[in-house]
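Peer 1: Pasting a structure below so you can have a look.
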Amino acid sequence: MGCGNSKVPLEASKKGYVGVVQSLVAFSKAHDDSDEPKKCSEKGRGPWFSTGVKSREPASSSQQPILRDGRQQDKAVKYKDKFDPRVTARYDIKALIGRGSFSRVVRVEHRATRQPFAIKMMEVEAPGGREVCASELAVLQRVSHANVIQLMEVFQFPQRVYMVLELATGGELLDRVVSRGHFTERDATQALRMALAGVGYLHNLGITHRDLKPENLLYYHPGADSRLLVTDFGLATFGGTGPELPDRNTSDEGDRTSVGRSWSLRTTCGTPEYLAPEVLLRRPYSCAVDMWALGVIAYIVLSGSMPFEDDSRTRLYRSILRGKYSFHGDQCNLGTSEPSLPPSERQPWPSVSNLAKDFIQRLLASDSAARLTADQATRHSWVVTMAAGSSTRNLHRSISQNLRQRASRSSSRCPSSNASSCHASSTEPGKADVCGK
Ligand SMILES: Nc1ncnc2c1ncn2[C@@H]1O[C@H](COP(=O)(O)OP(=O)(O)OP(=O)(O)O)[C@@H](O)[C@H]1O
């Protein structure tokens with residue numbers, strides 16, 4: 001279940017990782033006209049080799065039911081032809097999972113071990129594909145954490161890159177919220193703690209994700225004890241973490257590599273509803289943008305509605321810059337034509353604790369320097385007390401109702417007049433003049 005518009009892509013021709021796949025292609029052409037994938041047994045030596053299958057325990061086949069097999073399998077047959085035979089010699093393609101802007105993701109089985117994996121096939125030659133692929137690979141080849149999707153092996157050819165990934169079969173974060181019959185603040189903190197663990201790990205490595213949203217948080221398996229995995233590193237970058245740079249304005253037009261929180265990033269990218277104010281203001285920004293996005297995610301998980309939403313991009317950005325959200329409900333939901341629940345029951349916020357609201361407010365702080373870091377967020381009283389306590393207040397009905405209504409009105413979103421009248425200013429006002437330019 002998705003929340004948000006299509007993403008704002010990486011600005012073209014930035015320095016940094018663009019060159020990685022180019023050099024990979026050049027390397028491949030210069031050294032091997034037969035288009036043979038480069039092999040290596042070790043991670044981290046460079047992007048132009050297969051890393052060899054890693055040994056993280058895959059989900060068992062009994063933990064696979066979420067993938068819808070019928071039509072996907074037919075499509076998989078179609079996509080099999082597009083796969084390089086050197087990949088299909090090793091992996092049996094079972095079903096199509098989904099498509100991204102530059103990618104197709106299929107469920108596969110390792111022919112020798114019968115272990116299930118996902119393969120993300122990326123079109124390197126599509127416009128913009130090179131940058132996205134290079135960013136994703138550069139990050140995936142360096143990470144290993146229980147809450148971050150694990151790269152197992154890579155096959156790289158001039159036109160396509162095949163990333164063999166851990167297979168996540170538990171579905172997206174919000175799908176699970178809806179599919180459960182019961183959802184409490186405690187459940188929310190459990191999910192957020194896992195997301196924070198993954199994001200904190202990335203930040204400690206100097207990586208900023210830049211496209212955190214519920215769709216990019218996948219459960220490893222359908223069981224209640226599943227890990228939650230941060231996925232989709234197409235917009236991720238090295239930088240934005242580490243000691244603050246002495247001169248915040250020295251950055252060139254591209255992102256910089258650096259090793260907490262340095263305001264070293266400049267590229268405007270991400271998904272509109274999740275963009276932090278500093279990104280919209282085109283100021284140098286840091287990994288704090290991920291913490292803002294986690295604030296948006298926390299708001300959605302607890303209410304089923306978006307803190308910032310508008311059909312008009314300009315108005316959406318203006319509300320973000322004004323910090324214009326409220327804990328009083330979502331006018332868009334109130335305005336729907338089939339209100340199967342009375343407004344009081346569509347409003348989870350009166351039932352949500354003040355601590356939870358405080359958590360969100362500290363993440364949705366317009367001043368990025370005041371925003372919680374991943375480590376601070378993990379130690380926030382709401383996360384600590386809810387994880388230890390047993391909150392029984394069931395928010396499920398109103399959250400899932402709101403989420404379903406959002407999904408069903410995706411083609412006819414609520415009138416903007418409603419949206420602009422429904423939010424009260426709650427954080428730093430006064431920045432609206434900057435937006436819409
Ligand atoms: N390792 C994985 N296991 C299971 N499903 C996955 C895995 N990786 C990606 N997916 C799913 O495959 C689909 C396509 O993912 P992909 O990352 O290629 O694109 P996207 O993020 O949906 O789109 P875009 O590239 O435009 O951001 C999504 O539904 C995603 O949840």
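Cβ atoms are placed via backbone N, Cα and C, with glycine included.
Okay, so TrEMBL annotates it like this:
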BINDING   LYS120  ATP binding site
COMPBIAS  29-45  compositional bias 'Basic and acidic residues'
COMPBIAS  245-258  compositional bias 'Basic and acidic residues'
COMPBIAS  401-426  compositional bias 'Low complexity'
DOMAIN    91-383  domain 'Protein kinase'
REGION    29-74  region 'Disordered'
REGION    241-260  region 'Disordered'
REGION    401-437  region 'Disordered'
Peer 1: Could you pull the average pLDDT for the domain 'Protein kinase' (91-383)?
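Peer 2: Per the prediction, mean pLDDT sits at 88 for the domain 'Protein kinase' (91-383).
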Peer 1: Tell me, how many other CB atoms lie within 10 A of the CB of the residue listed as 'ATP binding site', whichever protein chain they belong to?
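Peer 2: Neighbour count, Cβ to Cβ under the 10 Å cut-off: 26.
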Peer 1: Which secondary structure state does DSSP assign to the residue listed as 'ATP binding site', in the simple three-class scheme?
Peer 2: strand
